[in-house]
Amino acid sequence: KSVEGHFINCLEGDADLQFLLAGGELLKVRSNSWKKNRTFKLQEDCRTIWQESRKAMRSSQTFSIDDIEAVRLGRQSEGLQKYTEEALEDRCFSIIFKGRRKNLDLIASSKEDACKWVTSLEKVITNLRNLSSKQKTEHWIYNCMRNADKNSDNKMSLKELKHFLHQINIEVDDEYAQMLFAKCDKSKSGQLEGSEIEYFYKLLTAREEIDVIYDKYAQTNRQMSAKDLLSFLQNEQQEGVSLDDALKLIEKYEEKQQMTKDGFLMYLHQPEGMILNPAHKDVYQDMTQPLSHYFISSSHNTYLMEDQLKGPSSTEAYIRALMKSCRCVELDCWDGSDGEPIIYHGYTLTSKILFKDVIKAIKEYAFKTSEYPVILSLENHCSLEQQKLMAKHMTSILGDALLAKPLGDEMPTTFPSPEELKGRFLIKGKRLNKLEEAFSPSSTTDENESISEDDEAADMVEDAEKKPKSKKMKLAKELSDLVIYCKSVHFQGFEHARESQEFYEMSSFKEGKAEKLAEESANEFVCHNVDKLSRIYPAGSRADSSNYNPVPLWTAGCQIVALNFQTPSDEMDLNQGWFLPNGMSGYLMKPEFLRDRASEFNPVNLTKGKWLQHKTLHVMVISAQQLPKINKKKESSIVDPLVRVEIHGVPADAASRETDYIEDNGFNPMWNENFQFDVCVPELALVRFVVEDYDSTSQNDLIGQYTLPFTSLQNGYRHVPLLTKNGDIIPSAALFVHIMAVEAE
């Protein structure tokens, strides 16, 4: 299709699209005193929203559809709940952005209008996300060409061509630009138009590396027959497939019985051709094992949006963590001045939110991305009266989804499974008595009994007040009775735990203590974590909400390794990659040697055992496509990309290799560099691809990254999607690599 024509159909003629293109006035809400009418409309590129601005020197501003995380109908944001009346519920909606950008809270003129905005936006978002990689490339290049066409004459001069190349992240010298222009200017008019622009686009998007692979196997009239494709799948992709499977692939991407080069490229950009094993995109593991046999995606200080000294607390932080399949969230509970318990980071200037509002948000969003159980980790600093109110709120809001008694009619001896706990909430906190008493309704416990305080809560008080922790508190029976399978106890050593700790009693460890145990008593920690849960949390000294490395704790079998989800970091990249497979359920079954009470596995000092499955990983970093600019405000800024491949796992497997950097080309850089890694314990290894913008005078800037478990890799020629520092997909950008994981000799 012609590049200058609107080659992306983009729902042309669709009523919802026409509604957005026409736009309309909405009431923008920022506070009780700031509510102003503003005009919003979709621009002709079908991927940018224009909004009117009354600020001096800026009459309008825009944001990309790609930057939208979700659109929520109703008063589903903290701002709308705080600054609007309940009567406006059906006229409100919010646009939720990726990263740390603030929500856009809006009120439409009617219920129908609000619904129309939400359904129309969701349709355009879905349409853009569902475009093929080729369509995304075309759409992006088309918009860059429009921006470069300064006089809007649908033609391209040499100057406009150079401006366009800058926009798509390529720096070329004048001689090369003139040569490229002359090659396309068939009419010798000094301007490119029509078919000349199409030819320019074809030259620009040619994938030489794909041509080489395709031509090698296209042995049937220069195209791939099913037999040719089967040969490629078996020889290069190392897939155990049949001729029938090859035929089905061709039928999926082609109208005829042979695979063209376009169809082949399309296949390589689809799940079948990506680096992540598509069989691992859904829940594929046994989910009927005891809860302690799984790693559980976990958040620390979940209520915070930023740092833990003066950053804002928000229900939105819980929503974002839950939507990323986090399955253990933390609630730091304190007495509120009006009798209602609140959540915030005690002894700091962080803002406060109501406990009941957090529980409502958790109830609404807990199971939207994963149906497996959510653990509410309570850090309780409240008085008895407000503890009772906490219990009341959880019971009334969460209803039957709250696990208020053990499953079954008899005292359990082990944890139930994630499968048995689907859709349920578990409370982690202090309990006044043993779980057996839950089966004795006549038993009574004095609610004024003093008990030891939770380790993390005591640590916070000690750090804040600079005096020894008392470790004593009073606990309301109503709250105590809701703690079933996750009773917090102080860790008194592995021997004491073996002899006296019940399966449902769990300890929390500050990162330093946990790291020491994982290094000096690794096997004991592994065995402890077979039938008991361990929660790890960051040191209080991390005032900036930074993170620690979760990998050594996972290799020691710790299930609940809590990280600051609000802080983009290498550690969060590893966490996102670790929980990427198994349907992004937030649960990942531990390897067999971490589920065996008699296990002799020691990640620090490897000995012979079933965990040693020596593999050699060959990685060829071939090329990258459409890497984003780092400095978008500076048009002349072009990236100098390099790729680093990292292995994370047991200490013996940790490794990193890096390509050379490519100067001034973020559009289609090519490396063709080979790396080899020896991996001893592949079941605990992660592979991370990092793309950076090289800088000789300062630290390199992250362009994008992708992390996944070694066991989820696909062999062969694969595209690797790239994520931002916030963990969001970068549209159109990818690495192209060749992977071969084989038994070590």
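Any Cβ shown, glycine's included, is placed from N, Cα and C.
Unlike curated records, TrEMBL annotations are generated automatically.
Sequence annotations record features per position, and here TrEMBL assigns active site to H300 (among others).
Here H345 (active site) comes close to N301, Y303, L304, Q308, L309, S313, D332: these same-chain residues lie at least six apart in sequence, with C-beta atoms under 8 angstroms from its C-beta. What TrEMBL lists as active site is H345 (among others).
Annotation source TrEMBL lists substrate binding site at 28-55, K428, K430, S508, R535.
Marked as Ca(2+) 3 binding site by TrEMBL: N301, E330, D332, E379.
With a cut-off of 8 Å between CB atoms and residues at least 6 apart in sequence, the same chain places H166, N169, I170, E171, K629, D664, N665, G666 near I638 (Ca(2+) 4 binding site), listed in sequence order. Annotated Ca(2+) 4 binding site per TrEMBL: I638, D640, in sequence order.
TrEMBL lists D693, Y694, D695 with the feature Ca(2+) 5 binding site.
Annotated compositional bias 'Acidic residues' per TrEMBL: 446-462, in sequence order.
If you look up TrEMBL, you'll see 19-126 marked as domain 'PH'. Taking DSSP states H, G and I as helix and E and B as strand, the domain 'PH' (19-126) has 35 helix, 45 strand, 28 coil.
Per TrEMBL, the feature domain 'EF-hand' maps to 136-171 (among others).
Sequence-distant contacts of the domain 'EF-hand' (172-207) (same chain, at least 6 residues past either end, Cβ-Cβ under 8 Å): 2-4, 137-138, 141, 145, 154-158, 161-162, 165, 265, 623, 625, 664, 667-668. What TrEMBL lists as domain 'EF-hand' is 172-207 (among others).
Feature annotation from TrEMBL assigns domain 'PI-PLC Y-box' to 479-595.
Taken as a whole, the domain 'C2' (595-724) shows an average pLDDT of 94 in this prediction. The domain 'C2' annotation in TrEMBL covers 595-724.
Its Cβ taken as reference, S187 (O-linked glycosylation site) is surrounded by 12 other Cβ atoms within 10 Å in the chains shown. Residues or ranges marked as O-linked glycosylation site in TrEMBL: S187.
The region 'Disordered' annotation in TrEMBL covers 437-469.
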Return the single residue from the recorded positions list (H300, K428) that has the minimum number of other CB atoms within 10 Å. K428
Can you tell which of E44, E52, D693 has the least company, meaning the fewest other C-beta atoms within 10 angstroms of its C-beta, among these binding-site residues? E44
Here the recorded positions are K28, T48, S187, E330, K428, and the Cα closest to that of Y694 (Ca(2+) 5 binding site) is found at T48
Cβ proximity for D695 (Ca(2+) 5 binding site), under 8 A, sequence spacing 6+, ordered by residue number, returns D640, D701
Neighbour tally for E330 (Ca(2+) 3 binding site), based on other Cβ positions within 10 Å of its Cβ: 25
Just name the winner among K28, K36 (the binding-site residues) by count of other CB atoms within 10 A of its CB. K28
Let me spell it out: for each of the binding-site residues (T48, N301), count the other Cβ atoms within 10 Å of that residue's Cβ, using every protein chain shown. Which one has the most? N301
